[in-house]
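Undergrad: First, the structure itself, so that you have it in front of you.
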Amino acid sequence: YMLLPPLTRKAPRRAPHNSPARVRVCVRLRPGVGSGEGQDAPCVRGLDSRSLEIVNWRNQMETMKYQFDAFYGDVATQHDIYTGSVQPILRHLLEGQNASVLAYGPTGAGKTHTMLGSPEQPGVIPRAMCDVLKMSRDAVGSDWDVSISMSYLEIYQEKVLDLLEPSLQDLPIREDRNHHILVPGLTERELVSFMDFERHFLPASRNRTVASTRLNQRSSRSHTVLLVWMHQTQRCPPHAHRAAKLCLIDLAGSEDNRRTGNRGLRLKESGAINTSLFVLGKVVDALNQGLPRVPYRDSKLTRLLQDSLGGSAHSIVITNVAPEQRFYFDTLTTLNFAARSKQIVNKPFTHESLPGMERSWEPGHLGSLGVVGGVGASGLEQRGWARSQDTWVLWEGSWEPRSPGFQPPPIPNNPGVLASLPSLGCNDAHVSPVQITSKEEKEEAGILLIEKKKRGPKRKVSQGGPASHENQAPPEWQLAVRPDLLAQSLKNILALLNDGSAKELTALHRIGRKKAQLIVAWRELHGPFGKVEELQNVEGISAKQVASFISANILIGIGSLQ
């Protein structure tokens, strides 16, 4: 294979560029099947290295022209496709940025051959792994330690299955606080050499679900995703850490059951495949139209592709088409999808952190939902709280047990530091408590107290030395929380409402077994909730109960943590 140049101390890495990157799309035309009179007339013709044309079905005398980032004709080799379209995006892995390669097309168009190939003509996956592992070896002479690991899964009938350690368990899909998509429980294998990759990947590939149909003797009955992780750690201070992910995706092909002759299980499989590909098309359309809601959650496939389409990856879509006239409408539909996909713009960025800054985005950090009472699925860093009987105050920083003489950092008295508590319709914060026993301690520490409105004349905000309240009723104080933390917490609650099982939902306050079942049933019928307030649309849950639910999951348990 043509490999990437080695990394040396004399050739330092260039600084990462966090600029938008359009999804690149190339089209590969499969050679025709058959010869002589038995060969079907072609309906597609290449024009140059970027363009092709297809017959207009409305008028056989006209053709429709398509232009992409690259076009590979029926004589193009595996090497041409890899070096021309795939290899250039692998360099971004060294910058701590994600990359994604996706093979799309109808059944029998050559997607699996493009991605896997054969021992004589290796495809994208073995060539990419060879280059990625060479990067890690070449890093020996650089200032970075590089480690490579892999996971391999398939999506079969809307179930996420581990191919490295096969089982019937449907693995969950989760999203962390940095919007990284994770699959808890998915097997991960460390790789040092290409032999390590072959030892794990070849047996796992045989675990993929395939079957024979009229159009394809070895038709893929599932989508497969190979996840390759590159972790880099700087050897010298500041010991920065970079984490990048390479996704290599081989999609199952869309099928016309009238031509494939699918029955029984094959029919059910093709239904699941076509449904997920339909949702994929909806995601592409939503991204192109700038819709506020992109339906990633409508299928397991699009959930896993969230980073590849409209996310933070440098992505290439390899569109495979067949030349035969009998596949005309499959080819036309595929080309239209490819034309829409090339309009998507991703926003890659460097995933870099310093020791102690943030928890890394690994499946082990997922756990349970981050509602009040502990750190959960989102991995939210803990915040400090000061509380007395009638006051709640939030400041930046990590929580530590209060020692004698401890004083929280002062907060400037300006309107931008603390805002009064928004309505329960807003998102809430993930917090941990620290107790300050008296109001005087807070005032001496310079903590801003926001007085709760009462009947009668308005009171002013007090700060600084002890305030005189002679001949006055003791004031009540209301919660003052940073809006961004409020927003993050309710976002986590919404994620559990949309993804959690009935059993998981009962972990939320005010949600019992019956309400959890009602929520799951409503979600299956109407789709995911857009916001937590939509719980009142569930039969048997009133708006008042929703308000109580939000309040309970925001505040209950804080006092018990003291």
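Cβ coordinates are placed from backbone N, Cα and C, and glycine is handled just like the others.
OK, TrEMBL features for this one:
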type: BINDING; residues: GLY105, PRO106, THR107, GLY108, ALA109, GLY110, LYS111, THR112; note: ATP binding site
type: COMPBIAS; residues: 452-461; note: compositional bias 'Basic residues'
type: DOMAIN; residues: 22-344; note: domain 'Kinesin motor'
type: REGION; residues: 451-476; note: region 'Disordered'
Undergrad: If you count CB neighbours within 10 Å, which one among the binding-site residues GLY105, PRO106, GLY108, GLY110 has the smallest count?
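TA: Taking GLY105, PRO106, GLY108, GLY110 as the binding-site residues, the minimal 10 Å Cβ count falls on GLY110.
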Undergrad: Is ALA109 (ATP binding site) helix, strand or coil when read with DSSP?
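TA: SS state of ALA109 (ATP binding site) = coil.
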Undergrad: Which chain-mates of LYS111 (ATP binding site) that are at least 6 residues away have a CB under 8 A from its CB, listed by sequence?
TA: ALA103, TYR104, GLY105, SER220, ASP250, LEU251, GLY253, ILE318, ASN320
Undergrad: Around THR112 (ATP binding site), how many other C-beta atoms are within 10 angstroms of its C-beta?
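TA: For THR112 (ATP binding site), the count of other Cβ atoms within 10 Å is 23.
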Undergrad: Within the chain of ALA109 (ATP binding site), which residues six or more apart in sequence place their C-beta under 8 angstroms from its C-beta?
TA: ARG30, GLY253, ASN320, VAL321, ALA322, PHE327, ASP330, THR334
Undergrad: What is the Cβ neighbour count of THR107 (ATP binding site) at a 10 Å cut-off, with all protein chains included?
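TA: Neighbour count, Cβ to Cβ under the 10 Å cut-off: 22.
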